[in-house]
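Undergrad: According to TrEMBL, the protein has these features:
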type    : residues                                                                : note
BINDING : B:LYS7, B:TYR8, B:GLY9, B:GLY10, B:THR173, B:ASP174, B:TYR179, B:ARG184 : ATP binding site
BINDING : B:THR47, B:GLU74                                                        : substrate binding site
DOMAIN  : B:274-358                                                               : domain 'ACT'
2 protein chains.
Amino acid sequence: MALIVHKYGGTSMGSPERIKNVAKRVAKWHNAGHQVVVVPSAMSGETNRLLGLAKEITGTPDPRELDMLAATGEQASVALLSMALQAINQPAVSYTGWQVAVKTDSAHTKARIRSIDDAKVRRDLDAGKVVIITGFQGVDDHGNITTLGRGGSDTSAVAVAAALGAAECLIYTDVDGVYTTDPRVVSEARRLNTVTFEEMLEMASLGSKILQIRSVEFAGNYRMPTRVLSSLTDPLMPLEEEMASGTLISFEEDTKMEQATITGIAFSRDEAKITVVAVPDRPGIAYQILGAVADANIEVDMIIQNQSMDGKTDFTFTVPRGEYDKTMSVLDDKVKVLVNSGKIIGDSKVSKVSVVGVGMRSHVGIASQMFRTLSEEGINIQLISTSEIKISVLIDEKYMELAVRALHKAFGLENA
Amino acid sequence: MALIVHKYGGTSMGSPERIKNVAKRVAKWHNAGHQVVVVPSAMSGETNRLLGLAKEITGTPDPRELDMLAATGEQASVALLSMALQAINQPAVSYTGWQVAVKTDSAHTKARIRSIDDAKVRRDLDAGKVVIITGFQGVDDHGNITTLGRGGSDTSAVAVAAALGAAECLIYTDVDGVYTTDPRVVSEARRLNTVTFEEMLEMASLGSKILQIRSVEFAGNYRMPTRVLSSLTDPLMPLEEEMASGTLISFEEDTKMEQATITGIAFSRDEAKITVVAVPDRPGIAYQILGAVADANIEVDMIIQNQSMDGKTDFTFTVPRGEYDKTMSVLDDKVKVLVNSGKIIGDSKVSKVSVVGVGMRSHVGIASQMFRTLSEEGINIQLISTSEIKISVLIDEKYMELAVRALHKAFGLENA
């Protein structure tokens, strides 16, 4: 007997019929002798419906009130799933984030989990109940409802799994695992049976969109084995068969020994780049620029500063495209004069493409092969950034699909 | 400056456009120098949508999970109204029942309020904010979300008004006040400028449906002046004009001195009567019968026990028609043998019609006029029950409208 956490996405919870299927699957796991905690998302479309209502009322809703509104979607989900389990004679109980309690900071619409009190949950599990907890939300020290931002249900599920010391966290979604790249872009894309935590971190942060980046960070911090699975399979399929499907995010590097150097091609279409031109090359400049951006709660991705010339340097970074205008206005208001910059330029029509793989560490030549492939397709590289297990380039967004297809082929990812 | 509590029904909150109108009205009151607390219902249709989802999942949802589900409707409402107020530069903050906290007992789907902690609310009011609180819901001692049952937003509003010592509780709804009877049944029905608390209690409990009975009880217990008003008027109409519309539930009996003996004709279509036949006329019988019914959380309305004959008596009571089958099965299971009853008979096709008025106390002849009027229309009276300010009769449901029209005319209610 093990303690297992299940997470179900909005599509899996999309209708009463689908919720009943989720209940069947959960009950199957419980009947096999496991303790099960479930973290479901809001029914698909519900969060958008709620945000649509808010938008009809005001273009600039207060983040606290937005959290109050959006949190209702998951609350309805947990109640419905609990009813569906009880209807098939599986004892169950639902809790909101504040009832558990899932404590977060006060950064409304993008809060971070600080602690989870597991007393109620353990008591109910020991009493033979399935426990259902709202994803995506918590409560701050002042009793305000917070949400973790889009995709936050994944993070909640992994955080709950970690807090409870679960054996595994199963993330059921509408895809059946992690692929070498997006199958909608490259039809030869192949499902990976395992990826390492670090690869997944790069894949998720680079826009593979299967798991929210913070859920992968959580999984890594707590070494929580996390499996991505499809919820579209027969809910009553045998357990062993179900476990063999999907992709396991593993913490055992040696399982990768036999595998290819490159695990996958990640990409993110909606990027924007901004360059603060000709800033004095002195200590504190990077902080002065990015501190103001971070204070505005804008997430920065790539950061590049090249060798200075004549005591001046150009400081470049990327942000999600939706934050481009806001970032530019923060820089104009607070940073430009402060850092005595020549000017600030940007481009909101760029995409990022990355090759990812732990095998890269011990192989030379990955970078040169990547650059040669892009060159052969006539694609200009605007920025380059590297880590131990990935190389990312920023390119004109119109070449993104072409670049992904060419790289997938060049690294032979269609063959296991 | 006074502290005023506003309550808005589901129709008033039915769309983003209507919510903006509510915000305009609330801001008008605040701008006139008042402190305002608002208790809105869920958007019209939302509670039914949620209960519909539950019904698709199971015919017998757990009451705790049903409360978890239904409470989301009001939570979305308070957030949207807060946004709408902020959008017109009126500082506002929303709270759920558990955040305030509104403490209730644990009778899920029909909980009762035990206490309201007003600390947060007063702090925000003093800071110049409009405070918006979810109606219909609270939290029990174990941290479970409870709901007060249909119409519970009215009760919440009056309870909040009482807890805060508000000057008045304004209940905005889709009718513009309390009428001598339902205008859909009698076109000559007339709006009352004032009714006494006791009359309103009889009118509400007898099915006038404008205010939930428990909200009127609360208003009475705390002598909270409560006004029923239309939310369909121009939200920016002058305050004095707005106050002159609607019906005030008053606690000053002498304001009634000049008025008619009878205030109105109340009725309730969906009644059921049950008679436990030939029970021994001994102490404790009534408790043995109704105790079992109350334990099943079924509300009993009329209770009639006539003079016994030969040491036996017939014990009759009425319940809402929807509870008829459940009540019969409770009686069969638990009561029949216990009280040694001959048999249990019932009729679920009956309606109640009542004449109500504080003036009745000092006038003879009301009862005889009522019975004569019904007799002239050929309507048989099945049960009679009286209080100081009302006389109720139970009749075949098919004569209900006829009885109401005839009584309204007989007591001259069309003329002020």
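Just so you know, glycine gets a Cβ as well, placed from its N, Cα and C.
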Undergrad: Count the other Cβ atoms sitting within 10 Å of the Cβ of B:TYR8 (ATP binding site), across every protein chain shown.
TA: 29
Undergrad: Over all pairs within B:LYS7, B:TYR8, B:GLY9, B:GLY10, B:THR173, B:ASP174, B:TYR179, B:ARG184, the annotated ATP binders, what is the largest Cα to Cα distance, rounded to whole Å?
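TA: The two farthest binding residues have Cα atoms 24 Å apart.
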Undergrad: If you run the three-state DSSP split on B:GLY10 (ATP binding site), which class comes out?
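TA: The residue in question, B:GLY10 (ATP binding site), is coil (DSSP, three-state).
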Undergrad: Using the structure shown, find which entry in B:LYS7, B:ARG184 (the binding-site residues) has the sparsest Cβ neighbourhood within 10 Å.
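TA: Counting other Cβ atoms within 10 Å of each of the binding-site residues B:LYS7, B:ARG184 gives the minimum at B:ARG184.
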Undergrad: Run through the Cβ atoms and count how many others sit within 10 Å of the one on B:TYR179 (ATP binding site).
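TA: Result for B:TYR179 (ATP binding site): 23 other Cβ atoms within 10 Å.
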Undergrad: Can you tell me how far the Cα of B:LYS7 (ATP binding site) sits from the Cα of B:THR47 (substrate binding site), in Å?
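TA: Cα of B:LYS7 (ATP binding site) to Cα of B:THR47 (substrate binding site) measures 17 Å after rounding.
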Undergrad: Sequence gap of 6 or more, C-beta under 8 Å: which same-chain residues meet both conditions with respect to B:GLY10 (ATP binding site)?
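TA: Expected: B:SER41, B:ALA42, B:MET43, B:SER44, B:GLY45, B:GLU46, B:THR47.
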Undergrad: Please report the DSSP secondary structure of B:ASP174 (ATP binding site), reduced to three states.
TA: coil
Undergrad: According to DSSP, which kind of secondary structure is B:TYR179 (ATP binding site) found in, if we only use helix, strand and coil?
TA: strand
Undergrad: Determine the Cβ neighbour count for B:THR173 (ATP binding site): the number of other Cβ atoms within 10 Å of its Cβ.
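TA: For B:THR173 (ATP binding site), the count of other Cβ atoms within 10 Å is 23.
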Undergrad: Which residues, sitting 6 or more apart from B:GLY9 (ATP binding site) on the same chain, put a CB under 8 Å from its CB?
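TA: Long-range Cβ contacts: B:SER41, B:SER44, B:SER153, B:ILE171, B:TYR172, B:THR173, B:ASP174, B:SER231.
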